[in-house]
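> First the structure, then my questions, so here it is.
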Amino acid sequence: MDVRADQHQYNPYRVFSRDQWAKLRDDAPMTLDAQEISALRSMHDRLDLQEVEEIYLPLSRLLSIYVASMQQLYVAQRRFLGIVDRKMPYIIGVAGSVAVGKSTTARVLQALLARWSPRPKVDLITTDGFLYPNAVLERQGIMQKKGFPESYDLPKLLAFLSDIKAGRRRVRAPVYSHLTYDIVPNSHITVDRPDILIVEGVNVLQTGKLPRDGKAVPVVSDFFDFSVYIDAEEPVLREWYVSRFLALRDTAFHDPRSYFHRYAPLSDEEATATALAIWERTNLANLEDNILPTRPRATLILKKGADHVVETVALRRL
C-alpha cells in the first residue's frame, strides 16, 4: 500500500489517509445497524454508518490480529515457563482531550469487539471513577485542576488494573456521576475477568517521573496492550467544548441536582464566555501540559477534522 510520508510529529508511525485506511477493512462484516450506532454517539459527536465502516471496522480488524497474536505469545510464554496461569485480559487504552470524542470511540470499539467470534466479553471503564471526591480536591486546593494527573487516586487505579491483568475475579471500580460532577458514594461497578478491557480517560498515557534509584515506578499505560489517542487541533477542540457546554446548558444543567445548575439561566453570550473561561483555565492547560505530550506514546492516533470525522490514521511501526 502506498502510505504517505510520515509527518514529523507522528514518527515513528505509518500515516494513512482516510481512503487508504478504509481499504483495510477488507471483508470485516458490519455488525452494527444505524440505530445501534446512534445510541453509541455522544452529544455533538458525529458518528454514522460511513464512519464506522471506514474507520472503526478496519481498526476492529487490526485489533483482532493484535489480540490473536498476544494470545499466542501468552500460551508460548506459559509453555516456556512451565506454569499454569489465569487468563490475562487484553487491555486497550483510549486517550485524548476533553470534548474530542473518547467516549464515543470507546463505546464503538466495545460494541464491535464484542461481536467478534466467539463473542468475547468486552468491558469498558472510564478513569473518571478514580478521581478523588470533590471534598478531597477542595481540601487539597486543586478543584480547579480536576482532570489533571494529580486529581486522580493513582494508587487505587493502578491496583485495579493490576488485579484485572492478574485475572482476578470481581474487581470493583468506583462510579462517577457527570450530573453531580463527583464520585457516587458507596457505588461500584464490577469487572469480572473480561477477555478485553477498554480503559478511557484523558491522562491514561501519562508517564511518571523516572526514579533515581532504578526502582520501578508503574504508570497506567504499563498495563495496556494497545492504545488509541484521539487527536484534533486546539481551536477545533475549543469550539467543540463550547458547543457541548451550550447544549448541556439547555438540557442537563436544568436538573437541580446538576453541579452546573447555576449555569442553566445564562444567555448564549454569557454561556459562551463561561465555557471559554473554563476551557482556558482548565482544559487547555491540561491539554498542553499533560495530555498532548502523551500522544507519541499511543499505538494508534486518530486525527479528526472540524466536522468530527477522522481524516488520518497513524499506526506505530512494529
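The backbone N, Cα and C atoms fix where each Cβ goes, glycine too.
I grabbed these lines from Swiss-Prot:
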type: BINDING; residues: Gly96, Ser97, Val98, Ala99, Val100, Gly101, Lys102, Ser103; note: ATP binding site
> Between the binding-site residues Ser97, Ser103, where is the Cβ count within 10 Å the lowest?
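If we count Cβ atoms within 10 Å for the binding-site residues Ser97, Ser103, the smallest count is at Ser103.
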> Just how many other Cβ atoms lie inside 10 Å of the Cβ on Val100 (ATP binding site)?
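Around the Cβ of Val100 (ATP binding site), 25 other Cβ atoms lie within 10 Å.
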> Starting from the ATP site formed by Gly96, Ser97, Val98, Ala99, Val100, Gly101, Lys102, Ser103, give every other residue of that chain whose CB sits within 8 Å of the mean position of their CB atoms, in sequence order.
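Going along the sequence, the neighbours come out as Val202, Ile230, Leu237.
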> I need the least crowded one of these binding-site residues (Val98, Ala99), counting other C-beta atoms within 10 angstroms of each C-beta.
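Sparsest of the binding-site residues Val98, Ala99 by Cβ contacts within 10 Å: Val98.
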> Name the residues of the same chain, 6+ apart in sequence, whose Cβ is under 8 Å from the Cβ of Lys102 (ATP binding site)?
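Long-range Cβ contacts: Val94, Ala95, Gly96, Glu200, Gly201, Val202, Ile230.
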> Using a 10 angstroms cut-off on Cβ to Cβ distances, just flag whichever of Gly96, Gly101 is the loneliest among these binding-site residues.
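Comparing Cβ neighbour counts within 10 Å for the binding-site residues Gly96, Gly101 gives Gly101.
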